[in-house]
Amino acid sequence: MMQRPFRPEEYSLKETSPHLGGGAAGDKLTTTYDLVEQMQYLYVRVVKAKDLPSKDITGSCDPYVEVKLGNYKGTTRHFEKKTNPEWNQVFAFSKERIQSSVVEIIVKDKDFVKDDFIGRVLFDLNEVPKRVPPDSPLAPQWYRLEERNGHKVKGELMLAVWMGTQADEAFPEAWHSDAASIPGDGLASIRSKVYLTPKLWYLRVNVIEAQDLIPNDRTRFPDVYVKAMLGNQALRTRVSPSRTLNPMWNEDLMFVAAEPFEEHLILSVEDRIAPGKDDVLGRTIISLQHVPRRLDHKLLNSQWYNLEKHVIVDGEQKKETKFSSRIHLRICLEGGYHVLDESTHYSSDLRPTAKQLWKHSIGILELGILTAQGLLPMKTKDGRGTTDAYCVAKYGQKWVRTRTIIDSFTPKWNEQYTWEVYDPCTVITIGVFDNCHLNGGEKANGARDTRIGKVRIRLSTLETDRVYTHAYPLIVLTPAGVKKMGEVQLAVRFTCSSLLNMMHLYSQPLLPKMHYVHPLSVMQVDNLRRQATNIVSTRLSRAEPPLRKEIVEYMLDVDSHMWSMRKSKANFFRIMGVLSPLIAVAKWFDQICHWRNPLTTILIHILFVILVLYPELILPTIFLYLFLIGVWYYRWRPRQPPHMDTRLSHAESAHPDELDEEFDTFPTSRPPDIVRMRYDRLRSVAGRIQTVVGDLATQGERLQSLLSWRDPRATALFVTFCFVAAIVLYVTPFRVVVFLAGLYTLRHPRFRHKMPSVPLNFFRRLPARTDSML
């Protein structure tokens, strides 16, 4: 199959010009939603009814209300045997899709065969009032029911009908006409919602010692360790080096705990009898509600806990309390750390857990999620492709989810959200997904919402008080290659409340103080981040509607640490991009030294002489040069936010087998021959890296051998040279030495020869430890 040619313009950022806030005309009724396009809706609030007539033979009434506008029809829930029901439900009809000039509200009596007509109320849309916040809500009124011929009948209906926008308070919970095909139990999964990340703490358990342990086997010295469990997190200490009944460890175990504290900390002291066989010598259970909280690095008081021993009597586990062993612990909840639950490269929040340590916010981030264009079909329904798209945005502890737009490749959300900003060097993440749970959350048979694409925007790359309106490409990487799924249009504004405070932040540490005073190891940070993301995804998946685990993991980049040949190549070329200016300077200096451009070389000679004669000008010259470069580049400063770059990511040039390897499970699920081939390829790459690392080590060892007398003749020569150089440099003015060294470096090619220099020859002859390698 021929691959479609790569076109970079498809994956580029495009500036847009939407009519934000209703445009510049007088139609702009509110400034609350000034980063989205205004959407008009007809709202119908059905509050309650009274004095409804009985229609059944039994003399009862099972009423419900049907709101009808053209081909759209929404119904309330029905009540059994109730003549004065209360519904308090809101219906919203998009003005773009209104096909009638009259809205009809019909009260019906639910029946087994055919629902009976009780009465109706009609409204002419031309007479419906307009209402936009911050106006007060429209007060509902009683309306007398009518027959189809216009005659009044018994019964009244309390209603409120108005024209409004998506800024209306009733909008999030309203029944929407574009979701008319969704059953009642699926409506919860399509509404917009705001979620909060649970408050996360690091739990530090300092296991100090135990006393008076009673082993089951008293003929041997016990090999004792402590096992700690918090929910599904399990850690253990090393085996105590003191094989006694009073072992000591003084070892820290770190966990992640989330408020409200539902799990208990369980510690058990165990004796390792043989591999795979351990005896529990005692256990204690500690509630986190009573654990002290620490805001700095000061030591808290330790505490002794009694160890309970459980024995099995007649098949039942009972507590044995003959003699109590004890364990010495220092436990605290660390409030001075920031619990990392997202990749450190894309952090959206850097504040410590304890709110007392938070600094004041420096600004407001506003995000308008407008529309999407050109979305691809994500699933098949009734024999045709369809997409039910929604967006999720995450910044700090606040997650937002837009409503789901049913069956549309160009969905319009026009929803606006705000966040407080505490640090500009943070990233907001916006993801677009396809909703696969429209038939009710539990009826989807384990379906997973499909990812359509993701956008990241770093706040420090934005100018303050400027509105950025762009169409961002939605790009996903599949085993078949890179694929554009469409575009999402966003409006972003970062407003700074104090420029001085924001500038001051650039001089502050990125993470809270405890990360530097009492740092965690790299392995601890990785393990704790994995536990934190697991807790966050579990908690948010229990919300209603749930923010499902696959969504949270995609937004938090859970699999970013997995091996990828493509990412390795991309990172290598990123390093080369960083080093390329240095390489260019080295090439330029080599051309100067070889007099490729005599005029430039002469000018460099003159500059060099000036700097030797006036060395106090060196640093001012360097900083002035950097200043001029920065001012010169200001004209070509980036005017657009950064976006996903397929060329930088090496996504368009990745080999299919490399992509298949990147999407492989862990552990692998591929056939043995493919795994063997990939292992051999990895060995080949690692072999080249091994050679480069070995060469670097060789050069370093040669430097060390200058004074090690490993080669006595070479060291004697070097020591003699150092003694002579010390005398010469002592009696010779420093400026003369620098001047002569510079002239020698910049000498004309006729005074050069192609053979290596004497110092280089000497250095290459020095011994290294490669001779001792197996």
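Glycine too: its Cβ is placed from the backbone N, Cα and C atoms.
Model, not experiment: these values are computed from the prediction.
The secondary structure of Asp116 (Ca(2+) 2 binding site), as reduced to three states from DSSP, is extended strand. There are 17 other CB atoms within 10 A of the CB of Asp116 (Ca(2+) 2 binding site), with all protein chains counted. Taken from Swiss-Prot, the feature Ca(2+) 2 binding site applies to Asp56, Asp109, Asp111, Asp116, supported by sequence analysis.
In the three-state DSSP scheme, Asp109 (Ca(2+) 2 binding site) is classed as strand. The Ca(2+) 1 binding site annotation in Swiss-Prot covers Asp56, Asp62, Asp109, Asp111 and rests on sequence analysis.
The compositional bias 'Basic and acidic residues' annotation in Swiss-Prot covers 1-17.
Averaged over the domain 'C2 1' (23-143), the predicted model has a pLDDT of 84. Sequence annotations record features per position, and here Swiss-Prot assigns domain 'C2 1' to 23-143 based on sequence analysis.
Look at Swiss-Prot and you will find 182-305 tagged as domain 'C2 2'.
What Swiss-Prot records for 346-472 is domain 'C2 3', and it gives sequence analysis as the kind of evidence. Residue counts for the domain 'C2 3' (346-472) under DSSP, split into helix (H, G, I), strand (E, B) and coil, are 10 helix, 63 strand, 54 coil.
Annotated region 'Disordered' per Swiss-Prot: 1-25, in sequence order.
Through the fold, the transmembrane segment (575-595) approaches residues 601, 604, 745-749, 752 of its own chain, all at least 6 residues removed from its boundaries and within a Cβ separation under 8 Å. For 575-595 (among others), the entry in Swiss-Prot reads transmembrane segment, with the evidence type sequence analysis.
Swiss-Prot lists 606-626 (among others) with the feature transmembrane segment, giving sequence analysis as the kind of evidence.
Same-chain neighbours of the transmembrane segment (714-734): 705-708, 762, 765-767, counting only residues six or more beyond its ends whose CB sits under 8 Å from a CB of the stretch. Residues or ranges marked as transmembrane segment by Swiss-Prot on the basis of sequence analysis: 714-734 (among others).
A coil conformation is recorded for Asp62 (Ca(2+) 1 binding site) in the three-state DSSP classification, outside any helix or strand. In this structure, the binding-site residues Asp62, Asp109, Asp111 were compared by how many other Cβ atoms lie within 10 Å of their Cβ, and the smallest count belongs to Asp111.
Separating the Cα atoms of Asp62 (Ca(2+) 1 binding site) and Asp109 (Ca(2+) 2 binding site) is a whole-number distance of 5 Å. Within the same chain, residues 735, 738-739, 742, 746 sit at least 6 positions outside the transmembrane segment (606-626) and bring their C-beta atoms closer than 8 Å to a C-beta of that stretch. Taking DSSP states H, G and I as helix and E and B as strand, the domain 'C2 1' (23-143) has 6 helix, 53 strand, 62 coil. Counting residue by residue with DSSP, the domain 'C2 2' (182-305) contains 10 helix, 65 strand, 49 coil.
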